[in-house]
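S.K.: So TrEMBL says this about it:
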- 12-38: transmembrane segment (TRANSMEM)
- 23-288: domain 'NADH:quinone oxidoreductase/Mrp antiporter transmembrane' (DOMAIN)
- 59-80: transmembrane segment (TRANSMEM)
- 92-115: transmembrane segment (TRANSMEM)
- 153-171: transmembrane segment (TRANSMEM)
- 178-197: transmembrane segment (TRANSMEM)
- 203-222: transmembrane segment (TRANSMEM)
- 234-254: transmembrane segment (TRANSMEM)
- 274-294: transmembrane segment (TRANSMEM)
- 290-343: domain 'NADH dehydrogenase subunit 2 C-terminal' (DOMAIN)
- 323-343: transmembrane segment (TRANSMEM)
Amino acid sequence: MSPYAMSMLMSSLAMGTIITLSSSHWFLAWMGLEINTLAIIPLMTKMHHPRATESATKYFLTQATASALLLFSAAMNAWMTGEWTIVNMNSYIPTTILTIALAIKLGIAPFHPWLPDVLQGLDMMTCLILSTWQKLAPMALLILTSHQLNTNLLTLMALASAIIGGWGALNQTQMRKIMAYSSIAHLGWMTLVISFAPGLALLNLTIYLMMTSSMFVMLMALNATNMNKLSISWLKTPTLAASMMTGLLSLGGLPPLSGFLPKWLILQEMTKHHLGALSAVMALSALLSLFFYLRLSYMISMTSPPNISNANLAWRKKNNLSLINPILIVLSTMLMPITPMLLM
């Protein structure tokens, strides 16, 4: 793709998200989401492969449906209340339609099936944008309207996301599908706490963005798209393979890594609201996710693939990582010491 076209598309992506984040009017927020969607579709089809075209088509259809539902809920709310402001959503039907629209946009269960299929057909850089940057605008709208949304509906979707996100990745071998199910599971935790403590949902989103960004950056550096390629990564770049192992365990929420921090605080918040049974189910669903992260960590660090080379020394890949990669790796694994400051 031409650098001029790429810079135009990336600036459109940034502009769409900024318009949605800074808007207080539903029409302006919808316009930002549409700019976002239209800017990423050419990035999806830049590979000129039938699978990429299929992914772009699926993404466009789901996002167009979600945008239509969002505009419909905003118009219905304006008809009932006479206002287009985002913070004034008091009627039951518009808020329910809005919740469904944002769930489709984010890929929250039971509106999740498009996400693994779409990610599997894209290159790693577009997967990174789709899993991180594209979550910002819909999640901002969800946080802004969280105090007016149906808590029971959000809790049910959160529970379904956490269970499906853990269950769906158990039999996957493709890294992009595994990261998609990981995204669904993390979105479940954010959706669960968003009605009770929006600040905790924002903290979870921030840590999720750092962990997912560092994981995709490492996958791009290793050129690993499936588990077989991942299992020989320690021969090429041992340091990066070790960093990926800790990154995967952090995504699974294993203490004392960064991924444990939001899960711990969310479970504490849930028990404060006397939702012990729900907390227990969420903690058990996190074990499902932890299982496939542990399986990947085991494949990276403890398995030795068949060595068909006659050379004594394994060929080492030149490490072309930029400065941002070690920073992301450190942030995605070592944030636990700031917990006392957050609790205060």
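Every residue gets a Cβ built from N, Cα and C, even glycine.
Because TrEMBL annotations are produced automatically, they should be read as predictions rather than curated entries.
Locate each feature and note its surroundings.
M.R.: Under 8 Å from some Cβ of the transmembrane segment (12-38) lie the Cβ atoms of residues 59-60, 63-64, 67, 70-71, 74, 77-78, 84-87, 105, 129, 133-134, 136-138, 140-141, all in the same chain and six or more residues away from its ends.
Sequence-distant neighbours of the transmembrane segment (153-171) (same chain, 6+ residues past either end, Cβ-Cβ under 8 Å): 96, 99, 103, 108-110, 112, 116, 177-178, 181-192, 194-195, 278, 281-282, 285-289, 291-292.
Residues 103, 106-109, 112, 115-116, 118-120, 127, 131, 135, 139, 142-143, 146-147, 149, 151, 154-155, 157-166, 168-169, 172, 204-205, 208, 212, 215-216, 251, 262-263, 266, 269-270, 273, 278, 282, 285-286, 289, 292, 296 of the same chain lie 6 or more positions beyond the ends of the transmembrane segment (178-197) yet place their CB under 8 Å from a CB of it.
For the transmembrane segment (203-222), same-chain residues at least 6 beyond its ends with a Cβ under 8 Å from one of its own Cβ atoms are 124-125, 127-128, 131-132, 135, 139, 175, 179, 182-183, 186, 189-190, 193, 229-230, 233, 236-237, 240-241, 243-244, 247-248, 250-251, 258-259, 261-262, 265-266, 317, 319-321, 324-325, 328-329, 331-332, 335, 342.
Same-chain neighbours of the transmembrane segment (274-294): 155, 158-159, 162-163, 165-167, 169-170, 172, 178, 182, 185, 188-189, 192, 248-249, 251-254, 263, 266-267, counting only residues six or more beyond its ends whose CB sits under 8 Å from a CB of the stretch.
Listed as Cβ neighbours of the transmembrane segment (323-343) (distance under 8 Å, sequence separation of 6 or more from its ends, same chain) are residues 203, 207, 210-211, 213-215, 217-218, 221, 243, 246-247, 250, 255-261, 264-265.
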S.K.: Can you check how the pLDDT averages out over the domain 'NADH dehydrogenase subunit 2 C-terminal' (290-343)?
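M.R.: In the predicted model, the domain 'NADH dehydrogenase subunit 2 C-terminal' (290-343) has a mean pLDDT of 73.
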S.K.: Are there residues at least six beyond either end of the transmembrane segment (59-80) with Cβ under 8 Å to its Cβ atoms? List them, or say none.
M.R.: 26-27, 30, 33-34, 37, 40-41, 44, 88-91, 93-95, 97-98, 100-102, 104-105, 114, 118, 130
